[in-house]
């Protein structure tokens, strides 16, 4: 059977379910696919099809996630659901499933719980742009005032973590009822209402190609008579022949001009996000550029040494450390294409970090790296991944 062609006639948005264990994230995911399948906009997935998540690796870390896809009238969605809390933490920190928005699932019977709080905080730290709330299990609450209290509590919690708590759409319903085909307002109509909220409230993502140019340097060659060629995969934006660019990171920033671009040995006028290409640089010597630097549009990205991060430290079973580490820990931080040694300062009150912990940490690198908030990195010891992190704040 030939594969179906993916037709790109609607904007594509990456989305996911977040929230406390047993509040109904996976049931909701199943309910969305089943409800939309009725109008041919998704393939219905049963709860247990979603719950047994395949494992995947991101930055050397094994994460269990399930990906489902569905469409509304306006958009095509790729939706990720994780079985366990640790998988969510790892997923959000490694950026394995980049989310343009998320559906926060809260059980109306329980209200916000510790992981509700933690997922909201994580969403804020890793830069999930928008959240929509689904208050699940409303059929288990008889008292209308109680529902209003839970909604208030959720909105306050969102505001506390700097999301617009007063404006975020809150949809009330029962994922289980919808999954069973219930047509009362808490069943399928609630799911349709939720999808409408996602369509209107989660902003359309800016495509990588529309952002400012950035390409990590993977390799450097000198071609006699032509100059120096830098190869890598364009991370975002577009680079054209004749563009002025900066080489940022590790050493003082240099300016140069692109005199040629090639891909698969063919000359191009421009390279764009996703392309693996070679960029010829005017007057640049091979020894002026190295792996770990980036080519960027001038003035857009600065090199930094000190930053704050949110990180997940692997367990022994995941191939991580067997022992805790303490303040002053000095691993390597792998940014884009290279390792840079750095010193960790733990948050006041944290004595030590155990394998399996999620931590807030301040890092000072021995060399500056082109860095922005939300940049992901791996923590390594002699080439072995022992953790993953995301930059939450640049200190200097």
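The backbone N, Cα and C atoms fix where each Cβ goes, glycine too.
What you see is a predicted model, and the numbers here were worked out from it, not measured in a lab.
If you look up Swiss-Prot, you'll see 19-26, 81-85, 136-139 marked as GTP binding site. Long-range C-beta contacts of residue 26 (Mg(2+) binding site), restricted to its own chain and to partners at least six residues apart, with a cutoff below 8 Å, comprise 17, 47, 50, 51, 81, 83.
Swiss-Prot lists 26 with the feature Mg(2+) binding site, giving sequence analysis as the kind of evidence.
For 10-206, the entry in Swiss-Prot reads domain 'tr-type G'.
Long-range contacts of the region 'G1' (19-26) within the same chain: residues 47, 50-51, 81, 83-85, 104-107, 110, 112-116, 119, 136-137, 175-176, each at least 6 residues beyond the stretch ends and with a Cβ under 8 Å from a Cβ of the stretch. What Swiss-Prot records for 19-26 is region 'G1'.
Same-chain residues lying 6+ beyond the ends of the region 'G2' (60-64) with a Cβ under 8 Å from its Cβ atoms: 53-54, 82-84, 87, 90-91, 94, 96, 312, 314, 318-319, 378, 385, 388. Marked as region 'G2' by Swiss-Prot: 60-64.
Residues or ranges marked as region 'G3' in Swiss-Prot (evidence: similarity to another entry): 81-84. Within the chain carrying the region 'G3' (81-84), a Cβ under 8 angstroms from the stretch's Cβ atoms is held by residues 16-17, 21, 25-26, 29, 50-53, 63-66, 68, 91, all 6 or more beyond its ends.
Through the fold, the region 'G4' (136-139) approaches residues 23-24, 27-28, 105-109, 147, 172-177, 186 of its own chain, all at least 6 residues removed from its boundaries and within a Cβ separation under 8 Å. Annotated region 'G4' per Swiss-Prot: 136-139, in sequence order.
In the three-state DSSP classification, residue 19 (GTP binding site) falls within a strand. Mean pLDDT across the region 'G2' (60-64) comes to 79 in this model. Each of the binding-site residues 25, 85 was scored by the number of other CB atoms within 10 Å of its CB, and the largest score is that of 25. The Cβ of residue 22 (GTP binding site) has 107 as same-chain neighbours under 8 Å, each 6 or more residues away in sequence.
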